[in-house]
Every structure is written in structure tokens, then in C-alpha cells.
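Peer 1: Under the heading region 'Disordered', TrEMBL lists 1-21, 234-315. Residues or ranges marked as compositional bias 'Basic and acidic residues' in TrEMBL: 7-16, 281-290. What TrEMBL records for 61-94 is domain 'RNase L inhibitor RLI-like possible metal-binding'. What TrEMBL lists as S-adenosyl-L-methionine binding site is THR76, ILE124, LEU147. Taken from TrEMBL, the feature domain '16S/18S rRNA aminocarboxypropyltransferase Tsr3 C-terminal' covers 98-224. The compositional bias 'Acidic residues' feature in TrEMBL is assigned to 260-280.
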Amino acid sequence: MGRKKPLRDGRPPAKHKESRFKKTCKSLETFTSEVHEALDASIQEDGKAEGSEAKVKFPCPLAMWDLGHCDPKRCTGRKLVRKDLVRTLRINQRFNGLVLSPMGTLYVSPADKQIVADSGVAVIDCSWAKLDDTPFAKMRGGHPRLLPYLIAANPVNYGRPCKLSCVEAFAATFCIVGFPELATILLRKFKWGKVFLELNKGLLEKYSKCQDVEEVKKIESDFLAGAHDEETEDFDPFDVESGREFSNPNRVIASKGMTCEDDDGTEEDEEDDDDDDSNDATDKQENRSEEESEEEAAAASKPVVWKGVKKKLRD
Ligand SMILES: C[S@@+](CC[C@H](N)C(=O)[O-])C[C@H]1O[C@@H](n2cnc3c(N)ncnc32)[C@H](O)[C@@H]1O
């Protein structure tokens, strides 16, 4: 009694079917506390011996379609897959969260916060040099997005606008929607990761304070119209209060000494900088002296750049 009859074709009745697909949306409050727990676990991982590390439970799904264009040892997306932070999707498999794509037209904005918390973020791991051969139409999702103007800090495309690696694209999205801690968890897997935040600090902060896409567009167009020059002029490299402890005034954006000839992760100098699961592999991306590299490596091992995030955790 009271049981609904199956449909004529044997399928369960509609109510049952609906409940199978019912999605549980987390409140942003719950999500935010999971974000903090994840960052805490990620920081604690550092002190533990290799192999004994507790797995960081990332609070939302991260996924990637792997087109197999890049050298798996050098690709940032593949590295996140090896770290169990990102899962791979089959071509034609749909993803319900934000899909970051060079073919997107709508910008990521803080208005995407709930979508990210509920359904996560996906990237398309293809080569920048092979966009024409990439079947973007087969990698579908409800929310395709483009990132607003930001500068890459990865060794392959260092200094280039918009051509971000997978990890940078994930991180930028988390910063813009208001979960910078999640950006930190991902970027700290890469020695150069904090440089991405340094290079883009001002813009990321401004984008994250926007209400919607229109405001993000306005920030970007104002920046491109000259705000960048002003900011550069105002920056005093000797101002210890500037908050830019890690910026290297000798490191000119897109300088000749940098190895950014190749876009697709195949150049010799590119590296999977910590394939051995540590955070301190040799940085070969530039023609810098050993001393400089050592100084930078020493600086990199101090968690100063994450200070703000840690403070937030403590508060
Ligand atoms: C083209 S692949 C290159 C991957 C690179 N080989 C690596 O090691 O990570 C980078 C992916 O990140 C995302 N992405 C990067 N920059 C982006 C942008 N400006 N807007 C939207 N998505 C972007 C896209 O999913 C893009 O396909």
C-alpha cells in the first residue's frame, strides 16, 4: 500500500528518480570551515615524513580533461592528479561546476562562489600551441568561464598575460570567488606557486571585491588602460612595508633571460619542480646565479607569503 507503481517501461516512478539526482548544496558557512580544515591539513603535511602524510580533503571537486598534449612530468594538471587533488574526466564527460576554458566568454567573478562551493572547478589540460586541435565542444559543463587578465608565473609562460597553467587557473578562480586558502593549498605544491600570487596580488584582490562580471570587466579594462603603469611607478622596491617581500626587482616580466619560447610544456628548461613530492626542487627556469637561486629557495621555504592565510586561520 502507498507504493507507487513502476512505469510501464520498468523505470522507477518520477519521485524516486528525482531523489537519485537530488543535490545537497552546502551552506557557504559549512564550506568555509571545510576550506580552513583543508588548509590546516595541508600545512600540517609539511612536518610529516614522506609517505605518512595525511591526505588533504579538498572541499569541492576539482577535475580536468587531459588531452595528452603535454609531458605528464611537467604538466601542472597532471601533477595535481598524481597528488590526488584533481580527478580526470573522459572526453564527452560532463562537469557541473565551472569549466575554465580559453574558449569561454563569460568571466569568472565572485558571483560564481556558490557554484564553486557546490560543484567545483574543471580545467582543460591541452597545449596552448594546439588550441585548434582541441575538441572544446566535447568538454561540456553548465558554466563555461574565462579568467580575466592575469599574468602567468609558471616557468613555461612566465610573465605572459592570460596563458595560465592549470594550477594557476584553479588558483585564480579560488582567489576571485573568495577562497584564497584553496589557491594556497594548490600553489604550495609548486615552488614558483607563490610568485603567481605576488605577480597578481593587486588584480586578484580587486577582482575578488567585485559583485559581478560587469565589475570584473571594468577592473580589467581600467587596468589595461594604464593603471598598471601607475602601480609600477608607485612601487618602491626598498619599501619594506610594501608587503612584497618576495618580489625580485631583478626579475623583469618577460625578460630575455627567461625560457618562455615554448608554450606547450615541452621545452628543456621546464620542470616538474617537485615530482619527488617535496616543495624545494631546483629552479632552472632562468639564467640566474646559484647564489640567487639559493636565496630564493631559502625564502621559498619560509612560509611568509602564506602568513595572511595562516593568520586568517588563527583568527
Ligand atoms: C592550455 S592548458 C595548459 C596546461 C599546462 N601545460 C600546465 O602545465 O598546466 C591550461 C588550462 O587552464 C585553464 N586556463 C588557463 N588560462 C585560462 C584563462 N585565461 N581563462 C580560462 N581558462 C584558463 C584552461 O582550462 C586551459 O585549458
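Using N, Cα and C of the backbone, Cβ positions are placed for all residues, glycine too.
TrEMBL annotations: computationally assigned, not manually curated.
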Peer 1: Looking only at Cβ atoms, how many others are within 10 Å of the one on ILE124 (S-adenosyl-L-methionine binding site)?
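Peer 2: That number is 23.
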Peer 1: Can you count the other CB atoms that lie within 10 A of the CB of THR76 (S-adenosyl-L-methionine binding site)?
Peer 2: 31
Peer 1: Give the number of CB atoms, excluding that of LEU147 (S-adenosyl-L-methionine binding site) itself, located within 10 Å of its CB.
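Peer 2: Here the count is 21.
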Peer 1: Using DSSP reduced to three states, classify ILE124 (S-adenosyl-L-methionine binding site) as helix, strand or coil.
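Peer 2: The three-state answer is strand.
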Peer 1: Within 8 Å of the Cβ centroid of the S-adenosyl-L-methionine site residues THR76, ILE124, LEU147, which other residues of the same chain have their Cβ?
Peer 2: GLY77, LEU100, VAL123, ASP125, LEU164, SER165, CYS166, VAL167, GLU168, ALA169, PHE170
Peer 1: In Å, how long is the longest CA to CA span across THR76, ILE124, LEU147, which the record gives as the S-adenosyl-L-methionine binders?
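Peer 2: Across THR76, ILE124, LEU147, the widest Cα separation comes out at 18 Å.
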Peer 1: To what whole number does the mean pLDDT across the domain 'RNase L inhibitor RLI-like possible metal-binding' (61-94) round?
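Peer 2: PLDDT averaged over the stretch: 95.
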Peer 1: Using DSSP reduced to three states, classify LEU147 (S-adenosyl-L-methionine binding site) as helix, strand or coil.
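Peer 2: Where LEU147 (S-adenosyl-L-methionine binding site) sits, the three-state DSSP reduction gives coil.
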